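*Asks:* Please find one structure pasted underneath; my questions will follow.
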């Protein structure tokens, strides 16, 4: 099979081939949040090594993302916040204490070497995936480094600095009247919900642990506001949910959403902290159960952007995202793991799948039925909502094919584009904290923090010191005879972003 073609194998009842674009930067595994911090970008490198040694890279177009620039990030984020991220360093942070507090940087979201480059890389992959989908250059785009769903317009939150998901959805909205966002991370997708809380062009659906758990939002009663009423769905779950219980909600709810909302594109955040045995999580999903969400979304044959997210038992994160890449491609991968540079992480069994635990499932059948009934009822109201004649989308722009060697990076987006999130100050339910902070807002501490104190000790199995950039040659991307291309598809003048008013 052509290394650069990206055509996948037939899969499932539809038997339709999918062209898959996969974004990966060899540097991403070198970024390091710090000793004892549970977020480890190294897991992306481990995932990539598995994909290489399972032979999955040859079925995809492998792209190195083009880094997002300041003005790209400012499509959503405040200028002064982006400027702060660009300039802060571990050496200068002691001189910036007021701004660190203002932007919620320093504890859960530490300052580390290369922080801004990390943000540019993971955001570039997600936006690049959206561009590929918009231009019909693939059916499924994957960026496992993305999915950082907690970041807000003016602040970092929950290990997330830049909200690549919001940026990717804004890109998709250029070509699609409606975009669906589905989030299977154990934590509520608060940053994405908040960004699109008052529009009917984006529906957000989040399946998450609710009740004395970060970030504290995601009540079933939070359904959107104004034109966005009933376009936010929250599925609150309790500890120990297993595959069967999860899909008794996921499949009927998502099926109804697809029927009623009819999105032109779907973004699926595949946070792996909802797996059994996660270091910070408390769900009991198997890798196959988690991946069945990907399989189900794929079955609708709608342009699909797959993103990463949480996931803190990193050997299981790599297992999960490797398997889910196979699902996207329609390739069944062996349970027996091939030898590779991180093989020792996966002992003693050296298998792709791990058995879920025998923990108690606190989600009773009655609770699940009540949640399902309530959310399906909310969805039925969409058909009668006054905003069902969706806001008009802008006309398509004819976009010529781009020479891969073209170097005019500054023409990827219209510099005069003025895309904005609907950010008017409105009366909103007290349970939903919308981001209405102006640049001169007073410092304040908002929301809960993930308590990392119990995680500060050494974690011998998974604590990885940062690898020097010079060591990248040892990585699988350089070992495999795979055609890795620089993503230059965004080096052109795109149409202006639509207004979400």
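For all residues, glycine too, the Cβ spot is worked out from N, Cα and C.
Marked as domain 'Histone deacetylase' by TrEMBL: 37-325. Under the heading substrate binding site, TrEMBL lists 108, 158, 312. The active site, proton acceptor annotation in TrEMBL covers 150. Summarising the annotation, TrEMBL assigns divalent metal cation binding site to 185, 187, 273. The region 'Disordered' annotation in TrEMBL covers 384-430, 480-501. Residues annotated as compositional bias 'Acidic residues' in TrEMBL: 398-423.
Walk me through the surroundings of each of these features.
*Replies:* Around residue 150 (active site, proton acceptor), taking its Cβ as the centre, 29 other Cβ atoms fall within 10 Å, counting all chains.
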*Asks:* Nearest by CA distance to residue 158 (substrate binding site): which of the recorded positions is it, out of 150, 185, 187, 273?
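*Replies:* Checked the recorded positions 150, 185, 187, 273; minimum Cα distance to residue 158 (substrate binding site) goes to 150.
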*Asks:* Pick out which of the binding-site residues 108, 185, 273 has the most other Cβ atoms within 10 Å of its own Cβ.
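*Replies:* By the 10 Å Cβ neighbour count, 185 comes out on top.
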*Asks:* I need the neighbours of the divalent metal cation site defined by 185, 187, 273. Which other residues of that chain put their C-beta within 8 angstroms of the C-beta centroid, in sequence order?
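*Replies:* Same chain, not in 185, 187, 273, Cβ within 8 Å: 186, 208, 271, 274, 280, 281, 309, 310, 311.
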*Asks:* What is the total of other Cβ atoms whose distance to the Cβ of residue 158 (substrate binding site) is within 10 Å?
*Replies:* 25
*Asks:* Do any residues at least six apart in sequence from residue 312 (substrate binding site), in the same chain, have a Cβ closer than 8 Å to its Cβ, and if so which, in order?
*Replies:* 38, 39, 40, 273, 278, 279, 280, 281
*Asks:* When you measure from the Cβ of residue 187 (divalent metal cation binding site), how many other Cβ atoms are you left with inside 10 Å?
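*Replies:* Excluding its own Cβ, residue 187 (divalent metal cation binding site) sees 28 Cβ atoms within 10 Å.
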*Asks:* Any idea what the model's mean pLDDT is for the domain 'Histone deacetylase' (37-325)?
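*Replies:* Averaging the confidence scores along the domain 'Histone deacetylase' (37-325) gives 98.
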